[in-house]
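What Swiss-Prot records for C29, C213, H238, E242 is Zn(2+) binding site. Feature annotation from Swiss-Prot assigns motif ''HIGH' region' to 31-41. Residues or ranges marked as motif ''KMSKS' region' in Swiss-Prot: 270-274. Annotated ATP binding site per Swiss-Prot: K273, in sequence order, evidence recorded as sequence analysis.
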Amino acid sequence: MSLKFTNTLSKKKEDFISINPNQVKIYCCGVTVYDLCHLGHARSYLNWDVLRRFLIWKGFEVKFVQNFTDIDDKIINRANKEGCSTDELSERNIDEFHKDMDTLSILRPTSMPRATKCLHQIINFIEELEQKKVAYSSNGDVYFSVNKHKNYGKLSGREIENQIDNAAGRLKTNQKESKKNSLDFALWKKSNSGEVSYSSPWGNGRPGWHIECSAMVKQELGESIDIHLGGSDLIFPHHENEIAQSEACNGKELAKYWLHNGMVNVGGEKMSKSLGNFTTIRSLLEEGISPMTLRFFVLQTNYRKPLDFTQEALKAASKGWERLNNCLSFGYIYKIKDQAKNEIILDKPIKKSANTNLDKESFKLLSDFERYMDDDLNTSGALSILFELSQPIRKIINFLKEKDINEVDQDELNQVFYKWELLSELAAVLGLKVNLNHENPKNNPELDTNKIEELIKKRSLAKANKDFLLADKIRDDFKNIGIDLIDKPKGVTEWKQLSD
């Protein structure tokens, strides 16, 4: 089966054929750096991390560019509120972004351009649009003339006439005076008095949101790319406007394939900062949710579908990851492999290995894994293959609870180790990284008693508040690090370290 993606542009699943053989150019819309990232951001970037890892595994050379929007209204307002400069705010949140993404084992992009560092390219891009008569200046602003682009609406499927009526009702008084058409969008915005601004041929101001991405794509990857990525909330107007201005400027298709991930929902509503129903990545990690549990949770659902966030779903994902991690730990605990194989434990993308020692059943599972992933990144199907591969490993693990490894038939043991190597390779394609300390308390003998007592108090408070999901989660977390909790009368809880 050939690699297929659901292309938002064509509204159907298509065979993937890169512009240049064995090379893939990808652009992913990044964050506006005015605050910490939430689970919705994690969902998006985890999905695209797996896409990138899978393409590398299949032998493609991948150039992956993701931007930072480091100047816009939200950043200006937040900086004013905090009493700092927009540069200070952006720099701090870029650092925090990297911390979150590194913790989640998301590969860093090949390049991460920032809007404020690409002003020359942005201004040149706007000037080209003016020369082509598809942009016009008005009172210090510059707008893209939507009527001049005949294919406007081809990505979102929206009819331009309906959008004009809708946009007209939302215009401010000054916009009505400046725009020729209510749907025209800003390429350059005149700055208000006292606001951060940059010099340009049209006066002091700052770039519009959409033009940033078009200029950065052209600067980093060229006029046409293979894949453009983003959340489904960006299809209109952001990606629609990107297409319009890029194709008007360059006379070429901006991207062959447009992939969009579904939203994370909380109680039936999209998780977003504007609604105030968001949960930051940082807060989830501080609550004790492991990075790999978050990755596992996200990969259980196809990237295009909505993802419902509940504590119950997180708890189920934690148990699923724990089972898988037990099997991934097996080879490192019972057999020290060579250094090349040990690299699987690291956050490195890997290429498909020869797998010459696999039996017929394992070859079929390898083929099934690739078939699932080729089918529009069916990560839930791919995870099912990992669990099938885990079965003989789990059987050996259970056997070794009572017996010594030397009592296992050597040929059988060798086949199990070959399956473990394949399991480790395929898990790495999904970015699932084995956590040895998590499953083996002997690797982490020094226990922080103050932290233990603090968590026991937190669990007692959760029980008192009838938050039994949290109480059970804390108990499970203790078990995972080799600690057993014993509840006594009068609300007293004692703990002991489990024997190896």
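Cβ coordinates are placed from backbone N, Cα and C, and glycine is handled just like the others.
Remember, predicted model here, so these are calculated numbers, not experimental data.
What Swiss-Prot annotates, mapped onto the structure for a quick look.
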| residue | record | contacts (Cβ under 8 Å, 6+ apart) |
| --- | --- | --- |
| C29 | Zn(2+) binding site | Q66, N67, C213, L229, G230, G231, L234, H238, H239 |
| E242 | Zn(2+) binding site | H210, C213, S214, V217, H228, L254 |
| K273 | ATP binding site | D35, H38 |
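Assigned with DSSP, the residues of the motif ''HIGH' region' (31-41) fall into helix, strand and coil as follows: 3 helix, 2 strand, 6 coil.
If one looks beyond the motif ''HIGH' region' (31-41) by at least 6 residues along the same chain, the residues whose Cβ comes under 8 Å of a Cβ in the stretch are 68-70, 72, 74-75, 77-78, 89-90, 93-94, 96-97, 100, 231, 263-264, 270-273, 278-282, 284, 294, 309. Just so you know, the Cβ of H238 (Zn(2+) binding site) picks up 17 other Cβ atoms within 10 Å once every protein chain is counted. Mean model confidence for the motif ''KMSKS' region' (270-274) is a pLDDT of 81. The Zn(2+) site is defined by C29, C213, H238, E242, and by the 8 Å test on Cβ atoms against their centroid, the other residues of the chain that qualify are W209, H210, E212, S214, H228, G230, L234, H239, N241.
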